[in-house]
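Per TrEMBL, compositional bias 'Basic and acidic residues' is recorded for 145-154. TrEMBL lists 308-363 with the feature domain 'Kazal-like'. Feature annotation from TrEMBL assigns region 'Disordered' to 131-157. Summarising the annotation, TrEMBL assigns transmembrane segment to 48-78, 98-122, 193-211, 231-251, 263-283, 388-415, 427-450, 479-502.
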Amino acid sequence: MHSGCGKEAGSSMWIYVLLGNLLRGIGETPIQPLGITYIDDYAIEENAALYIGCVQTVAIIGPIFGFLLGSLCAKLYVDIGFVDLDSVTITHKDVQWVGAWWLGYLIAGVISILAGIPFWFLPKNLLKPERRKDSSTSSEQSKFITEDNKDQHKSYQQQGKITEMAKGKSLEFLSWPLNFLPSLKNLFGNPVYILYLCASIIQLNSLIGMVTYKPKYIEQQYGQTSSKTNFVIGLINIPAVAFGIFSGGLIMKKFRISVLGAAKLSLGSSFFGYLLLLSLFAMGCENSDVAGLTVSYHGTKRMTDYEQALFSECNSGCACSKNDWDPICGENGVTYISACLAGCQASNGSGKNTVFFNCSCVRTMESPSQSSSAVVGPCQKGNECPKMFLYFLVISVITSYTLSIGGTPGYILLLRCIKPHLKSFALGIYTLAIRVLAGIPAPVYFGVAIDTTCLKWGSKRCGGRGACRLYNSSALRYVYLGLTLVLGTVSIFFSVAVLWVLRKRSSPQDETLSANMERGTCGTKSRKDNFVNNGHLIQATYWPEKETRL
């Protein structure tokens, strides 16, 4: 036992997982800032939203197959091919079951390598549409970009001269430090960008935390298996997200929604999405009847956290361990933490087909004459729980679709509120902020909050606290959904601030001009004249190939 503990404590396998995720992040990061900019530079302005929506939709389709693959791998034992499966005493329905998690990495890695090959054949630049050749900025974009002060404008002119001098690629590479700080200052001086960045960070904290622990929530709240949970999420929830993102892009193209309209659409989708999420508070299940944790051994009295008593008169002479977690289901519908704590004295069969007899604690729940047998595995939750799970799925799908509609309008808002030569840089900062300030901390503090609802902790092989075996269903529901809603509400306030700033910047004259341009009644020359007269800045020296040169 001591050698096994030493091996467990000195294991360095986590380093390989860390390096693998690090390399994966390096490879996938450029797709967002450079790919989205590449599309926005060369697509016709009114089609850009649809194209971006298509890209985001395709990106969502991957997790669909990922969850389905995970569902399949979760049914396979972790050491498949190395152990005799007939000797395994638990099934994939047991909370102690560990599926073949590593198999999904191998399959997904090979597919990712094959998917990356076509990127080598993309051209350095594409032919620019005729209607965008005579305008360095979009008509919508130039309304919300204010002119900088003279000093800042001079700094950009100096940067332009430096870039022109850097004809060689090596000199052009060396000139980036001179551009970085002024660009960062210009970007963070844009109130629309900063407010939208804050709104996105807080909202994605909410969504990432919710998605990360959604499988655990479904398993613990509704008594579903991990394989079925992954299958349901991959087959129902993620397609709703993909369809919502595509619908957002289609709505933007169909109705030619302006930047102000995109902000309204993004705000509306968030508001109604979190409003629907409120209804999930009423769609929960009661705690499972677990002897010594949620019910007593001598009756059906509900117990509080302070009254947990795993030992009773019926199992006092069995010398049981309170750290074991091998649940069995008695014929009285109550789950017992182990056969020993249930007072079972005989068994028949082996492995997952074992049946226990003469269980003294099972007999005392009703009457001494009752058959006191039990089978391996926890009991199923109440009869109302499957119905609640169905309601949860329906509301969850509608909520996912509603929240996802605002994804593409949000991207268009982000692209139109910044200067063209800062698009790739702005999207890079946006992606970095989302991953560092939302992707990393959200699962951590969501996990800490959820762990406060644990009723029964497992133990590691060498001592110490292990994974949680049983949660308080009601407390888990309030913590999980409550934290999601609080963060979502805060993000809505920032979205309202974004809309307020955009309304303040967009004068009635600008709105009339934008409407005329959408109908095609304004020529290119008159558009430029109006922008100059209104004091808006047009970057005449900007060329999109500079942003997305491969």
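Including glycine, each Cβ sits where the backbone N, Cα and C put it.
Per-residue pLDDT, averaged over the domain 'Kazal-like' (308-363), rounds to 85.
Scored on C-beta pairs under 8 angstroms, the neighbour of the transmembrane segment (193-211) with the top count among 48-78, 98-122, 231-251, 263-283, 427-450 is 427-450. Here the listed stretches are 98-122, 231-251, 427-450, 479-502, and the one with the most C-beta pairs under 8 angstroms to the transmembrane segment (263-283) is 479-502.
In terms of DSSP helix, strand and coil, the domain 'Kazal-like' (308-363) has 10 helix, 11 strand, 35 coil. Relative to the transmembrane segment (388-415), the listed stretch 231-251 leads the set 48-78, 231-251, 427-450, 479-502 in CB pairs under 8 A. Away from its own ends, the transmembrane segment (48-78) comes close to residues 35-36, 39-40, 85, 88, 92, 97-104, 107-108, 226-231, 233-235, 238-239, 241-243, 245-250, 252-253, 257, 262, 407-409, 411-412, 415 of its chain (Cβ-Cβ under 8 Å, at least six residues beyond either end). If you look at the transmembrane segment (427-450), the same-chain residues 6 or more away from its ends with a CB under 8 A from one of its CBs are 25, 29, 32-33, 36-37, 184, 187, 197, 200-201, 204-206, 208-210, 212-213, 216, 414-415, 471, 476, 479-480, 483.
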